[in-house]
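This report refers to the structure that appears directly beneath it.
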């Protein structure tokens with residue numbers, strides 16, 4: 001402490017290298033984060049569970065100060081940055097055409113996902129367990145949220161062959177989790193935090209307290225697409241896009257644009273009183289829309305792999321590195337190239353470990369806490385799974401002539417289970433809301449707090465496990481069904497195979513011409529294709 005005081009007076013931080021114990025603890029912490037992710041991914045198809053457990057062991061709940069408390073607080077901050085970037089990445093991958101087509105359905109699903117947990121919480125806790133009305137509201141608000149980071153991470157890692165962001169059910173999920181109804185619930189922490197001040201001289205107006213995040217979220221949801229469609233996108237495509245470099249320098253421009261847009265949306269939502277996570281999603285969705293999509297405009301590769309293949313072809317054609325590629329990188333490509341690795345291997349593990357830091361593990365293990373927590377967990381699991389009912393209902397209402405209701409239910413059952421299961425995890429946001437209610441107000445008792453923590457913890461585990469198992473066994477069935485990929489997406493693999501075969505023939509013909517000029521033996525293009533297929 002004396003050293004800290006001296007450093008403050010001198011105006012700089014004294015540099016002290018960590019001791020060997022601290023170094024070994026940090027090395028083991030990051031190793032077990034990686035190993036825990038690998039092991040739980042093999043066992044549960046949800047790697048985040050292992051990282052949460054490692055956070056429990058190394059953090060304050062079990063390990064105490066194995067990792068110093070200031071370091072744990074720093075890891076929480078870094079993990080939250082990772083959460084912001086995870087949601088930003090998920091928004092960059094959203095199919096806007098499917099988003100528009102399923103927007104109404106997403107609104108209904110999001111509303112059910114918020115209202116049902118609060119309503120059933122009052123039935124069980126207020127009527128059944130005898131908790132207070134405000135106390136029940138705090139717990140219900142905490143369990144009405146959905147962990148956005150968990151949703152995007154689990155959906156992105158469960159299948160290597162299918163991009164579920166391109167499916168109809170994936171689009172509904174991506175729009176339901178960060179929908180304007182959900183950030184209102186996510187921001188309920190700030191509302192709950194000020195409940196204790198109500199009735200005092202400086203107490204805030206309750207209507208404005210609740211209406212402010214609602215107003216900001218609604219205005220942002222309306223103005224953002226309007227401004228993008230009629231002002232920002234036309235100006236960008238007409239004046240900025242033609243002047244942007246198509247070489248690697250384009251990545252630098254994309255990075256600058258992404259940082260500016262992301263910071264702008266985070267500032268608007270943060271100072272406006274709603275969730276910065278909602279701002280992160282809106283920023284990514286905006287950047288997905290503004291580049292040119294016209295056939296005569298610049299062609300954008302959908303991913304880093306496609307762009308790198310094009311760049312390799314350009315180098316082969318020009319004979320040197322740095323040649324002008326024929327295509328321009330998208331914002332998604334730039335994110336994958338420069339940000340994805342640090343998010344995947346550093347910030348994301350810290351985010352899920354920070355959830356483990358925040359679980360009061362020791363206090364959970366009393367008989368009353370266990371049975372109440374388990375009962376409430378089951379109820380809260382059901383209230384999120386029922387969100388998936390919008391899919392079979394929508395399928396039945398919009399079914400073509402001659403299609404039976406039974407067939408509609410059969411086709412939509414697993415997509416509905418996937419949507420409902422992906423909404424189950426409450427994660428870091430639920431813990432944040434309930435801890436604010438417990439620490440900043442006098443309304444939430446420790447008994448109700450522990451009951452809420454049980455439900456949040458188990459739902460955060462059961463949700464990803466369910467999603468992983470569904471996709472493990474039913475991924476192809478979902479992707480090929482009416483709530484999966486459209487016909488164009490399904491034919492991509494066939495199209496790519498045809499292009500690959502054509503390129504092989506063209507390249508072989510070019511090699512033959514060179515061999516003919518050099519007097520070497522030649523082979524027919526069909527032989528080359530046969531050899532490639534054999535390999």
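The backbone N, Cα and C atoms fix where each Cβ goes, and this holds for glycine too.
Residues or ranges marked as transmembrane segment by TrEMBL: 20-39, 46-69, 75-96, 103-125, 137-155, 252-278, 342-362, 374-393, 448-471. Summarising the annotation, TrEMBL assigns domain 'Cation/H+ exchanger transmembrane' to 38-293, 336-470. TrEMBL lists 297-326, 510-535 with the feature region 'Disordered'. As annotated by TrEMBL, compositional bias 'Basic and acidic residues' applies to 302-323.
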Intrachain neighbours beyond the transmembrane segment (75-96), with Cβ under 8 angstroms and 6 or more residues off its ends: 67, 148-149, 151-153, 156, 163, 165-166, 171, 174-175, 178, 262, 266, 276-277, 280-285, 287-289, 331-332, 335, 339-340, 343, 346-348, 350-354, 357-358, 428
Two-stretch contact, the transmembrane segment (448-471) and the transmembrane segment (46-69), at least three Cβ pairs under 8 Å: yes
Cβ pairs under 8 Å between the transmembrane segment (46-69) and the transmembrane segment (342-362), at least three: yes
Cβ-based contact of the transmembrane segment (374-393) with the transmembrane segment (103-125), 3 or more pairs under 8 Å: yes
Cβ-Cβ under 8 Å with the transmembrane segment (103-125): same-chain residues at least 6 beyond its ends: 131, 135-137, 139-141, 143-144, 146, 171-172, 175-177, 179-182, 184-185, 375-376, 379-380, 382-384, 386-387, 389-391, 394, 419, 423, 448, 451
For the domain 'Cation/H+ exchanger transmembrane' (336-470), residues assigned helix / strand / coil by DSSP: 112 helix, 0 strand, 23 coil
Chain residues in Cβ proximity to the transmembrane segment (137-155) (below 8 Å; excluding those fewer than six residues from its ends, i.e. six or more beyond): 46, 48, 82-83, 86-87, 89-90, 113-115, 117-119, 121-122, 125, 131, 164-165, 170, 173-174, 176-178, 182, 185-186, 188, 191-192, 195, 277, 281, 348, 351, 380, 383-384, 422-423, 425-431, 433-434, 437, 441, 443-444, 448, 451-452, 455-456, 459-460, 463-464, 467-468
